[in-house]
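Marked as transmembrane segment by TrEMBL: 12-32, 52-73, 94-115, 135-153, 160-182, 188-211, 232-254, 266-286, 307-333, 353-374, 386-405, 411-429.
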Amino acid sequence: MNLLHDSTKKLFIQYLIPSISGALAVTLYSLVDAIAIGQSAGPNGSAACAVLVPITALATFIGIFCGIGGSVLMSRAKGESNEGKRNAYFTTSLILLAIITIAVWVSAVIFRIPLYRFLGTSDVLMPYVADYGNLMLYVFPVFAFMPYLACILRNDDNPNLAMVGTIAGTLVNIFGDWFFVFPMGMGMFGASLATALGSFVQVIIMLTHFISKKRTLKADMPFQPFTAIAKICANGFGASFSQIAIIITTLIVNNQIMRYAGEAELAVYGMLIVLSQLFVNIFTGIGQAAQPIISTNFGAQKHDRCYQVYGLGLQAVLLFGLLFTVVCELIPVPVSMVFMKITPQVQNIVGGITRLYAFSFLPAGIAIYFTLYYQSVMKSKMATGISLLRGLLFSTLLLYILPLFMGCDGIWWAIVATEILTVLFILACQSLTKKPAKPEVYVSGKPVSNIITVSREFGSGGRELGKRLAQQLNFAYYDTEIIAEIAKETNLNEDYISSMLEKGANSFTLHFGRTFSTQYNQIAVEVLTAQHNIIKKIADQGNCVIVGRGADVLLANREPLKLFIYADTKAKIKRCREKGTEDSHLSDKELTDRFHQIDNSRKKLHEQLSPSTWGDSHCYHLCINTSNLVIKDMIPAVADFANQWFKQ
């Protein structure tokens, strides 16, 4: 699969199918819960689900907040080869998770009745909310632990176990919903029990990582705990912001509905929350399918291919958005009957509310798609702005203002207007920021800069050769300097970026689990796109030697001198031991495995960018076997070759 050369339509479909499948799998958890509750307890059960949404969102927020925040610091320590510090950050994040979770858990259990009231519970709904919510509160730490463990497992290179845990937990929950709610007749409590059991299964499966051979993390004495906690909070807040928006928006809507209407309207909203989440996950899946293709081609300045994929993604969003809207406009009552037993009161209002609410689906899809698109083309501030406007500013203001003039209808119009205003904001930004691509600068048909790219097998001495060659030719030298520039552009730390790029080819692996690691994939898109853009800027600044980073492919139109450096395994092991690299403590077998692992990553990334084969001598101007050579002694000859080549 070549992201720069294969058919854009074929690539998009290859990414779209697993992304949509993953979105559906993730949504099954809440979807089956909602159907079981609505069919057993009726509209009041659905209303109770709406009331309790902020509690599950709060648990997710805590888990992501501590998990992502800690993972960034752990990756940095790993890049420093400081396992003690890495383990200390892991322990600190775990302690922070425990402190926050226990504080929220104890408070929520003790003051659960006032909490339910605060979330919008009426006297009529209180028994239903208590039936489902009490058990949720008792096992609240499990809900917070799930997303935290998923983040930690990804950091410890075991994301597939997190995916297995999610799937197993979902299956247990689905079976439990049927078994406890219907054959056992346990109603709301049965659905809550099924959710709790599914969550326990998911956590237990993920915990097996810590008794497996893949585990590299372990508990250690916290290192500067207060400073570490501050850093975890700073890194984790952005990743968990979406959950804050869900908590605030749902809380406002619930209370506004109970103020201007009643339980029946809240029941309809409970159904629409689940339906909307399904659609949102599908729209997100479409954006995720387009992201890696757009970002890679954007970095390679293949803007025509970017626009092709951008158009395919937008067409998919429009198609699904219109489909969802039309279905809800034409058959709102049959749709609602899937989610709950319809009472006469609900039947009188569900059609009007659903038809009005359905007008938000298409603009919501467009807003979500553009948020992911802007991340793909390194406009992260724009993406953040859209999220803030849509998630907090527009929605909060409209939910308080419109009901003053329109009553309960104002709540539904506020939701629709929020999405429409967000799309109008996007269109305005598009029209203001659309600029023609900057042309390449050439003199007499040749690029201004003389560029040498050095591709190399791990341990072959390619980095040393590149640095010495740059000094000999008086060229600028770029290797880890590119990492520093990416860090400035993305506000991520250098070691986290280095760790991500080391396995960069796997960041966009086409498998069912992509949807289970959304945050990581979005960060990977941003990092790889930044790297591509920075390499282009470097090439414009003058003569240079660039080591690795796919520069030979990305700068192909600049006609660089392409070198490939390789060596036999014995020579590479010897070089690693002599240089005292971070891997030099490994055994010969472990070092050999390390060589294969890193070289395979480089090969996969190269093949995503180019139809050529990484390491094939036909793809380079000069291939050098350093096995029996002293690198500094060969530099004059390589420099002479380079000078002759550039004179051609």
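Just so you know, glycine gets a Cβ as well, placed from its N, Cα and C.
Model, not experiment: these values are computed from the prediction.
Sequence-distant contacts of the transmembrane segment (188-211), counting only residues of its own chain at least 6 positions beyond either end whose CB sits under 8 Å from a CB of the stretch, comprise 29, 33, 36-37, 40-41, 45, 48, 128, 131-136, 139, 142-143, 145-146, 149-150, 153, 156, 158, 161-162, 164-166, 168-177, 179-181, 217.
With pairs at least 6 apart in sequence, the transmembrane segment (135-153) and the transmembrane segment (160-182) have 3 or more Cβ pairs within the 8 Å limit; the two touch. With a threshold of 8 Å between CB atoms, the same-chain residues lying at least 6 positions outside the transmembrane segment (386-405) that come near it are 241-242, 244-246, 248-249, 252-253, 256, 259-260, 367, 370-371, 374, 411, 413-415, 417-419, 421-422, 425-426. For the transmembrane segment (135-153), the neighbouring stretch richest in Cβ pairs under 8 Å, chosen from 12-32, 94-115, 307-333, 353-374, is 94-115. Within the chain, the transmembrane segment (94-115) has long-range Cβ neighbours (under 8 A, six or more residues past its boundaries) at 55, 58, 62-63, 65-67, 70, 126, 130, 133-134, 137-138, 140-141, 144-145, 148, 219, 222, 225, 229, 232. Sequence-distant contacts of the transmembrane segment (411-429) (same chain, six or more residues past either end, CB-CB distance under 8 Å): 253, 256-257, 260-261, 353, 356-357, 359-360, 363-364, 366-367, 370, 382, 386, 389-390, 394-395, 398-399, 401-403.
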